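Positions annotated as Zn(2+) binding site by Swiss-Prot, on the basis of experimental evidence: Cys20, Cys23, Cys34, Cys39.
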Amino acid sequence: MIEPSLKALASKYNCEKSICRKCYARLPPRATNCRKRKCGHTNQLRPKKKLK
């Protein structure tokens, strides 16, 4: 079993992210635009889906 503090830390780096709908880039949770040029720095972001 994984420790709760480690689980929270891992979740911060792996789960609490935003995803670009056009190029699927993994972005910080508070991002407003994508950082990638190939999708034109679009603002179409979604939160990363949570584990069940």
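Along the chain as shown, residues are numbered 1 onward.
Quick reminder: no glycine exception, Cβ is built from N, Cα and C everywhere.
Considering only the binding-site residues Cys34, Cys39, the Cβ with the fewest other Cβ atoms within 10 Å is that of Cys39. Each of Arg21, Lys22, Tyr24, Ala25, Arg35, Lys36, Lys38, Gly40, His41, Thr42, Gln44 belongs to the same chain as Cys20, Cys23, Cys34, Cys39, is absent from that list, and has a C-beta within 8 angstroms of the C-beta centroid marking the Zn(2+) site.
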